[in-house]
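What follows is a single structure, written as structure tokens, with notes after it.
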Amino acid sequence: MSKMRVLFLAVFLMNSVLMIYCDSDDYIRAGYNHKYPFRICSIAKGTDLMRFDRDISCSPYKSNAKMSEGFFIIYKTNIETYTFPVRTYKNELTFPTSYRDVGVVYFLDRTVMGLAMPVYEANLVNSRAQCYSAVAIKRPDGTVFSAYHEDNNKNETLELFPLNFKSVTNKRFITTKEPYFARGPLWLYSTSTSLNCIVTEATAKAKYPFSYFALTTGEIVEGSPFFDGSNGKHFAEPLEKLTILENYTMIEDLMNGMNGATTLVRKIAFLEKGDTLFSWEIKEENESVCMLKHWTTVTHGLRAETDETYHFISKELTAAFVASKESLNLTDPKQTCIKNEFEKIITDVYMSDYNDAYSMNGSYQIFKTTGDLILIWQPLVQKSLMVLEQGSVNLRRRRDLVDVKSRHDILYVQLQYLYDTLKDYINDALGNLAESWCLDQKRTITMLHELSKISPSSIVSEVYGRPISAQLHGDVLAISKCIEVNQSSVQLYKSMRVVDAKGVRSETMCYNRPLVTFSFVNSTPEVVLGQLGLDNEILLGDHRTEECEIPSTKIFLSGNHAHVYTDYTHTNSTPIEDIEVLDAFIRLKIDPLENADFKLLDLYSPDELSRANVFDLENILREYNSYKSALYTIEAKIATNTPSYVNGINSFLQGLGAIGTGLGSVISVTAGALGDIVGGVVSFLKNPFGGGLMLILAIVVVVIIIVVFVRQKHVLSKPIDMMFPYATNPVTTVSSVTGTTVVKTPSVKDADGGTSVAVSEKEEGMADVSGQISGDEYSQEDALKMLKAIKSLDESYRRKPSSSESHASKPSLIDRIRYRGYKSVNVEEA
């Protein structure tokens, strides 16, 4: 480190001297490129140690594959399920319970019972597209009940018609679109009967080994669809529920009713399971199911023979199929079903592609690949070879007829050997090329190892493809990364003569490399002195000198320019492209390998994968939603708005037992009657007559309110006239009340304006009230006496008998019945 510090100090002092004695005309701008930028390469203490690996072994290439031409057909395992049609038959009984009120019928409850249709009725469906309107229900105790459609007690035939809601896989036929709904007696519960025959044309799927099959409606039958009762196929359903008929005639499609086309079924099975009867055609398994399916045909293929296997190569599929050398014999009937198909394919491919130039080299062979694919291989041979072979045989026949067959075989073997030799020669050439390349690489590494002892940095930089500083430390290389300087600050001096401390250029000593000045990146703008090295490497210091050689011409490369120094002075700069290149690179002229775009091989298409599942969830959900929509439409047509209190009270009272049920009937009748009354009033108010009547009543109420208001206002304004109307009578009238005579005389005004009132006679015990009041002033005692007199007068008028009182005194009808035989007594007599 001390030596490095001294070196940098010397460089700094020299740079200071040069800056004093040099001006801008003494240097030029140096060029650079991106591959070799201006850099300082020095070896630090912490470096990486590297070495060349010369222990490389090159194995010779050897191929033991034998190629032959032909084409092949590939079959895959058929994963699709066995699909067949199934019909289901069901009788659906509906018992709706209703309650009838005045003008409305409430739907309370509905009981649905499903029954499997008997076989004899299914025969009627299959032959005439009809079913019966009566159903026999057998209880576990042996009791048989009969139910009739619409409670008509008649067994008739009903026509089947398609349901509006259907899916792709299912078609449903019914006899009753809207369930029968009877209107019972008023204020009583009633139950009616409705029969609906439901026939569904569904699709069933079974998967190998065919131990069960599932319908698209979601129903399952635990048994083989190929079971005929005696062939030993798996069947787990009760055999007493299974009926097998032979030579059965049935309507093929129920869409046209009894006019539909009929078909003859060799064997048909009827299975009663739960509330459904199933029927399907029984077929032979070997005739209906094939376990193999054609996948693809490779019209141009190669077969490479190795020690233990065959490799079937397809350029079209960019794939190779590996199979063992043992060929197969397809004996299973589920596999021999493909024989006619692939023999036809072999004939068609040969006639269309190979008939002109090739001949079949023997019969086809069947192999099983490692991916469980069945491969049928058809070898081919060129006709030109066959013609040559036949010509040689014919020539031999003229000379020697005894040894024809042996020479024919020898000639064929020779021709095949020639083909194999050419093939092996090409393969060996490629192998030798690979081995030679390996040996050349080994020798190149050895040469680089030796050259690294002379110029380690150059060798390592070429190996890594970027500037690297390297130094040989014994038997290993120490490498480090070079430090890049500020590229724009590098300046190349025009003079290569040595300058002493006084600034005088020497005539005898010169620099062997041009001087440059530069600065570091992201540092102070101090200029550092160095010398230009190879590939734009900057060598620190200026101690690399030599004796001047006059005359001399030296060219130094910097970036994309070549700087020419004549007699150690820069004369000009030329582009590096003007200097001719010494081409020492030996190019390998070989065509590149043809592009191979790999194809995505779909062994099974999405449609096949979907058909491989026995349970098709999508179709089952579609069927469920379609049937649910149909039921919703039917229920919407028969359902009515039932008051919530009716169902609530009915459910509560049903929990109380028989007493609660009876009490609930009474309460329901009463509540229904009250509800009808309230509903009648509301309905009356809703019609035009009721609305007009209510408007008239409202007007009458308003008029009454106005009259009462006016009368009340009149009372407030004239209380005496309203409270004592008799006070307005003439004073000349004489009233006798209870033996009292009151004589009223007209009032006479005196001179003072007063009024004199004279009372002639009063009842015994009463004081005479008379006097003359003058003026407008009355004392409180006078006012009190006047009020008492008014009160007495009012009471006398109120005690006067009237016609209404005499009428009210008559006994009522109830009193006369109650007190019959008695006679009323007069009050005076009493």
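Just so you know, glycine gets a Cβ as well, placed from its N, Cα and C.
Keep in mind that this is a model prediction, so the values were computed, not measured.
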**Message:** Suppose you had to name the range Swiss-Prot annotates as region 'Involved in fusion and/or binding to host membrane'; which of 40-47, 184-191, 360-367, 600-607 would you pick?
**Reply:** 184-191
**Among ASN329, ASN572, residue with annotation N-linked glycosylation site (source: Swiss-Prot)** = ASN329
**Item:** Cross-link partner of CYS510 (disulfide, per Swiss-Prot) out of CYS438, CYS548
**Value:** CYS548
**Asked** With Swiss-Prot as the source, which of 21-27, 84-90, 98-104, 252-258 is set down as region 'Involved in fusion and/or binding to host membrane'?
**Response** 98-104
**Fill in**
Range annotated motif 'Internalization motif' in Swiss-Prot (choices 130-133, 346-349, 742-745, 822-825) is 822-825
**Prompt:** Based on the annotations in Swiss-Prot, which residue of ASN286, ASN522 is described as N-linked glycosylation site?
**Reply:** ASN286
**Item:** Secondary structure tally of the region 'Involved in fusion and/or binding to host membrane' (98-104) (DSSP, helix then strand then coil)
**Value:** 0 helix, 5 strand, 2 coil
**Request:** Work out how many Å separate CYS131 (disulfide bond) and CYS337 (disulfide bond) at their Cα atoms, rounded off.
**Result:** 42
**Request:** Provide the three-state secondary structure of CYS197 (disulfide bond) computed with DSSP.
**Result:** strand
**Asked** Fewest neighbouring Cβ atoms within 10 Å: which of the disulfide-bonded residues CYS131, CYS548?
**Response** CYS548
**Message:** Are there any residues at least 6 positions away along the chain from CYS41 (disulfide bond) with a Cβ closer than 8 Å to its Cβ? List them or say none.
**Reply:** SER457, PRO467, ILE468, SER469, SER480, CYS482, ILE483, GLU537
**Message:** Sequence gap of 6 or more, Cβ distance under 8 Å: name the residues on the same chain that satisfy this around CYS290 (disulfide bond), in order along the sequence.
**Reply:** ASN78, LYS334, GLN335, CYS337, ILE338
**Request:** Between the Cα atoms of CYS510 (disulfide bond) and CYS438 (disulfide bond), find the distance and write it as a whole number of Å.
**Result:** 48
**Asked** Which one, from the disulfide-bonded residues CYS337, CYS438, CYS482, CYS510, has the smallest tally of other C-beta atoms lying within 10 Å of its C-beta?
**Response** CYS438
